[in-house]
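Undergrad: Pasting a structure here, questions to come.
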Amino acid sequence: MPRQYDEDEARRPILQPDTDTDEPTAAVGGSLARLAGRTSDDDELTERLTGCGASACCNPSSFLHRFQALILMCLVGFGSYFCYDNPGALQDTFKSDLNLTTTQFVMLYSIYSWPNVILCFIGGFLMDRVFGIRLGTIIYMFILLIGQLIFAMGATINLFWLMIVGRFMFGIGAESLAVAQNSYAVLWFKGKELNMVFGLQLSFARVGSTVNFLVMVPIYKYVKSLGYQGHMCTGVVLLLATLTCVMSMICALILGWMDRRAARILKRNDAAPGGEVAKLSDVRTFKVSFWMVTVICVAYYVAIFPFIALGKVFFMRKFDFSSEDANTVNSIVYIIAAVASPLFGLLVDRTGRNVLWVFVSVLVTIVAHGMLAFSYLNPYIGMITMGLAYSMLASSLWPLVALIVPEYQLGTAYGICQSVQNLGLAVISMISGMIVDKGGYFMLEIFFIGWLIVSLLATIVIWLYDASNDGLLNMSPAARSLYASKTLQHMSGGQGSSGDMTDSQQERDRRSNDPEAIRNRYLNRVLDGTPTQSDTEPLFE
């Protein structure tokens with residue numbers, strides 16, 4: 001028989017202690033027991049499944065089913081990353097077939113980022129407040145698909161302005177889609193698996209970029225052998241690349257159906273805890289550590305993505321590589337990320353200390369750029385080093401947002417990160433093209449190293465700020481669990497007996513709705529890896 005809850009008990013926050021007992025410590029023990037030891041027979045919110053629905057592959061509470069959803073989450077971003085670097089894989093042919101300068105070529109990347117300076121933030125907010133995660137993902141995927149089609153048609157008829165319009169739309173959809181992917185990951189895997197999931201998502205996304213660099217030149221040669229020439233050949237190749245976006249669209253539809261089914265079966269509350277809704281004014285409550293994460297998003301990634309976009313010609317000129325060899329070494333970062341990201345994510349899950357790993361990642365990336373700029377060592381060494389550092393940073397940086405920001409604001413928070421990152425990429429991509437045209441690739445490497453130093457300083461600020469507060473971001477998993485337990489005990493202390501019941505109730509209400517108390521209860525929910533953890537219990541009354 002499912003446990004019957006009285007009306008008052010059913011309304012309590014997940015970490016709010018029982019107040020109908022004279023022994024606070026017993027109340028704490030009961031609350032912890034309900035958090036850590038609730039069994040499926042005791043969970044009145046889970047629908048009993050029979051037949052195929054009860055099997056591991058169809059039961060939303062099983063790991064196998066969640067792993068299937070994770071594969072779809074990863075494939076949703078595959079087409080986006082594959083098509084994003086289409087120009088980079090065909091840099092020399094783009095410039096020759098379409099008669100583009102380096103500055104015009106780089107504009108294909110910068111125009112991708114410009115709309116997302118604002119729209120990516122708005123996209124995350126709309127997903128939190130209006131669309132919801134399922135509809136939002138499908139809408140953004142559709143915009144991305146249309147943008148890629150327009151981009152391909154512009155190349156086919158050799159209209160540069162039409163290609164710019166296509167990349168503009170593609171950018172609007174792709175970056176907002178990345179926000180949706182992050183929100184999906186937190187929704188399905190919040191707990192001890194989250195770092196590994198972020199790493200695996202990055203891995204699959206970078207498989208898209210890697211496959212792009214490896215297959216686009218052979219596809220171009222094949223299409224050219226069929227009789228297509230010049231801009232017509234480039235356009236046909238880009239139309240073929242659009243098929244990956246169609247595949248991702250199908251995956252988004254299937255994932256939306258799976259998530260809706262899981263929400264129905266598990267009686268999952270997709271509304272914000274306690275009825276809270278995201279507001280634009282919420283950004284004023286975000287802490288210094290969050291804004292430093294956004295600085296790292298800009299300063300680190302502008303030293304990776306623009307470098308890869310321009311890297312093919314760099315390796316051809318400095319190391320005398322052929323076009324195919326230059327593409328191969330240029331894609332090493334993505335190949336390494338595809339393999340190493342989930343492994344590093346698992347390592348971070350086991351060890352914690354996210355800020356330390358971010359610091360090490362930035363430092364190693366500086367070393368990698370230094371090897372490429374100041375030496376003639378085999379470039380594979382520098383690129384493999386950069387790939388390992390890049391994988392570690394992505395696996396340790398992005399999960400920090402889920403520890404800093406409450407869950408109902410995650411779409412907005414990730415949207416801000418993507419927006420600020422795109423502002424940096426838009427500006428730095430244009431500046432990078434001008435630096436190459438006027439000063440060469442050596443000056444470009446110095447430019448990138450400078451930005452990496454900025455990201456290193458931002459990491460130090462996070463470390464110091466976190467250490468001066470609760471130190472949660474750089475704790476081990478065991479220390480975080482202990483911190484959650486102590487927070488629960490602290491919140492329940494001194495509330496078991498009081499002469500004035502009215503004053504006691506007012507004090508409990510005040511502490512329950514205190515922003516810091518809400519955040520602590522949220523962290524306990526995120527950090528608790530219990531599979532039967534219910535999301536429907538409010539974080540505050």
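Placement of Cβ uses the backbone N, Cα and C atoms for every residue, glycine included.
Here's the feature list from TrEMBL:
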- 489-504: compositional bias 'Polar residues' (COMPBIAS)
- 505-518: compositional bias 'Basic and acidic residues' (COMPBIAS)
- 69-470: domain 'Major facilitator superfamily (MFS) profile' (DOMAIN)
- 1-27: region 'Disordered' (REGION)
- 489-518: region 'Disordered' (REGION)
- 67-84: transmembrane segment (TRANSMEM)
- 104-126: transmembrane segment (TRANSMEM)
- 138-162: transmembrane segment (TRANSMEM)
- 168-189: transmembrane segment (TRANSMEM)
- 196-216: transmembrane segment (TRANSMEM)
- 236-258: transmembrane segment (TRANSMEM)
- 288-311: transmembrane segment (TRANSMEM)
- 331-348: transmembrane segment (TRANSMEM)
- 355-374: transmembrane segment (TRANSMEM)
- 380-405: transmembrane segment (TRANSMEM)
- 412-435: transmembrane segment (TRANSMEM)
- 441-465: transmembrane segment (TRANSMEM)
Undergrad: Cβ under 8 Å, sequence separation of at least 6 from the ends of the transmembrane segment (412-435): give me the contacting residues as numbers and ranges.
TA: 102-103, 105-107, 109-125, 127-128, 171, 175-176, 178-179, 182-183, 278, 280, 282-283, 286, 290, 293-295, 297-299, 301-302, 305-307, 309-310, 401, 404-405, 443-444, 447, 451
Undergrad: Please give the sequence-distant neighbours of the transmembrane segment (380-405): residues at least 6 beyond its ends with Cβ less than 8 Å from one of its Cβ atoms.
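TA: That would be 182, 186, 190, 194-196, 198-199, 202-203, 286-287, 289-290, 293, 296-297, 300, 304, 329-330, 332-337, 340-342, 344-345, 347-348, 354-355, 357-358, 360-362, 364-365, 367-369, 371-372, 413-414, 417, 462, 472-473, 523, 526.
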Undergrad: Sequence-remote contacts (6 or more beyond its ends) of the transmembrane segment (138-162), Cβ cut-off under 8 Å?
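TA: Hits for the transmembrane segment (138-162): 76, 79-80, 83, 98, 100, 104, 123, 131, 168-174, 176-177, 180, 230-232, 234-236, 238-239, 241-242, 245-246, 248-249, 252-253, 256.
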Undergrad: Counting Cβ pairs under 8 Å to the transmembrane segment (288-311), which of 67-84, 168-189, 196-216, 441-465 comes out on top?
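TA: Answer is 441-465, with the largest number of Cβ pairs below 8 Å.
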